[in-house]
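Participant: My questions all concern the structure below.
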Amino acid sequence: MELSMSANEDLAKERARCDFNVSEITNILDGGIERTKQRKKIESIALSNGKCRDVTPEETLGPKERYENAIRKSCLYTKIVKDQVLTLTGLEVLGSNSSVLRRTADAFFKDISPFLLHLGMFVPTIMGQGTPEQQSYWLPRALDFQIIGTYAQTELGHGTFIRGLETTATYDPDTEEFVIHNPRLTSYKWWAGGLGKTSNYCIVVAQLYTQGKCYGIHPFIVQIRDEDTHVPLPGVRVGEIGPRMGFNTADNGFLGFDHYRIPRNHMLMKNSQVLKDGTYVKVASHSKLTYGTMVFVRVMLVNEVAFNLAKAATIAVRYSAVRRQSEKISGEPEPQILDYVTQQHKLFVCIATAHALQLSSNWLWKTFSAVLADMRGGNTENLPELHALSSCLKALSTSDSAALIEQCRLACGGHGYMLSSNLPLLYSFVTATRTYEGDYTVLLLQTARFLIKAWEQAESGKPVTPTVSYMEEAVVGNKYKWNGSAEGIIKAAYYVAAGKISSSVASIRKRMKNGKAFEDAWELTGVQLVAAAETHCRAVICDVYRKETVRLTANSSPNVKTVMDQLNMLYLSHWALERTGDLLRYTSTTEDDIISCQQRYEELLAAIRPNAVGLVDAFDFPDEILQSTLGAYDGRVYERLMEEALKSPLNAEPVNRSFHQYLKPLMQGKL
């Protein structure tokens, strides 16, 4: 069978009708033209390595073969990172510029690298919680990949509630060692990526005991396998946890210790120390300083899901420009499905949300960096606000992205169900992020605690922090009159948030007045509190997205300004329409206002339609990173689907042996 090699004509026409400079938006999303140049250079280095290509589709391999192939590619990728990427970017590639690593990694891995947590958690934890002496010893070994580490916090019986972790680290002053132990099955570490078969070192989070007293959770560097033979060390029980919905090359593992001893200086001691005699010494606000790594990871996750949502949107929009379906007018050609307003409704908000989350992630990183600088100077007063922000943004961004990636898959019909589309894999990856590093509901309840305290401060006339300053106006009880401008919708969103917070406070107080203890009243109000935190976070995202769009396009060409403004207004209008009940309840919005907003939203869909392909092209994903039969730049959807189908091992022979072994005997009545 001969397959056409020409590019799809419909996709070529879409690009010809785009009325803005695609590269301008690419530069905005990358953080400037120099960042774009750097990213492209690093991508070209990674993509030039032909050894990363899989001859047989990864999905058709067994679990053992998939893991071994992932290790092979991880080692190739690591050599590129070590020899070339780090020399170009320095350690910023592990922080503010980490998206570069993520993009290039996707050229190698359709699923997840077993090394993911080495650079993602092991190294950052040493950087954030190790003393200068510990960093000078461990970081060179880790960055040179002389050792490979992971991060083990979650246990079989405890996840988000880290104060409940059961693994213990008891100090023995006679030998100057910590004794790491798992007293029961539920205390086994569970889920850590790279733990099952790959890592030989691990950051273990355990309850520290010394001189008969528990001082809470602390991080320890623990060797779990021999550096030469890779055999688990005596007293260590470690293995892989088995098949799961996704992450099947991530080597997620379990880990248990039987009175396993480590040197005293393997406790990361930047924020607290145990002296040789067992005396516990801590710096001021140790519990607050240890939040640093956790918040860092949540900031990175917001960026991560924005990146994956952008990939899904690219795949679905390009496919929708190629796919023709139905017959609107008898005798006329079948229209592109992207011409249907219902398809635009499904997909354009995905593009806008990817922008909103990426810009919010960049803003959150700057906020995190500023608070971290304050903390190093001894000022932790802004940490509660940062913790609340990182918690709700992590919760909302992962939830939104998972839902919208699934929306992209559904928008691609049956072909979206193919693993070769990459949409199912993107969904299985992002839906996991909704849970790990903080469950959705738990994180929103943590944000709610901050919001309730802030509301009480505003009520009493005390100053509040910037992201909750809207409460100072709302506590007087005025209802906001609807204004359909961007600023008007954002202000309405804040008023809705204030209304929900006020209602939650009233419910808690009523229950306490009726005899409930505060924590019982809090629990009974949980549904309202989660909704209040979600609404607050949505208002913050809307606000940040608007301000960052205006700031970043200040010097852009008129057409780029226009299309970026249209996307922003689409996002704001979409969420206003999704929350009409809240607007009617908590603001002075009328039915006519809602009708006007709906009309404006539909006008924005039509305005964005000619530029839809250009907007996803601006995400600038090479085909090797996108890894999708439906979303390749040339639009050869059907040819690529057939090419992938022919690679299936089941097509390697005309007749499978099961015919002679089972089918033929069944058909002949001889089974």
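For all residues, glycine too, the Cβ spot is worked out from N, Cα and C.
These numbers come from a predicted model, not from an experiment.
Sharing the features that TrEMBL gives for it:
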type     : residues       : note
DOMAIN   : 21-148         : domain 'Acyl-coenzyme A oxidase N-terminal'
BINDING  : THR154, GLY193 : FAD binding site
DOMAIN   : 291-452        : domain 'Acyl-CoA oxidase C-alpha1'
ACT_SITE : GLU437         : active site, proton acceptor
DOMAIN   : 487-668        : domain 'Acyl-CoA oxidase C-terminal'
Participant: Averaged over the domain 'Acyl-CoA oxidase C-terminal' (487-668), what pLDDT does the prediction give?
Facilitator: 96
Participant: DSSP-wise, what's the residue breakdown of the domain 'Acyl-coenzyme A oxidase N-terminal' (21-148) into helix, strand and coil?
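Facilitator: DSSP composition of the domain 'Acyl-coenzyme A oxidase N-terminal' (21-148): 99 helix, 0 strand, 29 coil.
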Participant: Which one, from the binding-site residues THR154, GLY193, has the smallest tally of other C-beta atoms lying within 10 Å of its C-beta?
Facilitator: THR154
Participant: Looking at Cβ-Cβ distances, which residues of the chain lie under 8 angstroms from GLU437 (active site, proton acceptor) while being 6 or more apart from it?
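Facilitator: Those within reach of GLU437 (active site, proton acceptor), by Cβ under 8 Å and sequence separation of 6 or more, are MET294, VAL297, ARG298, LEU301, LYS394.
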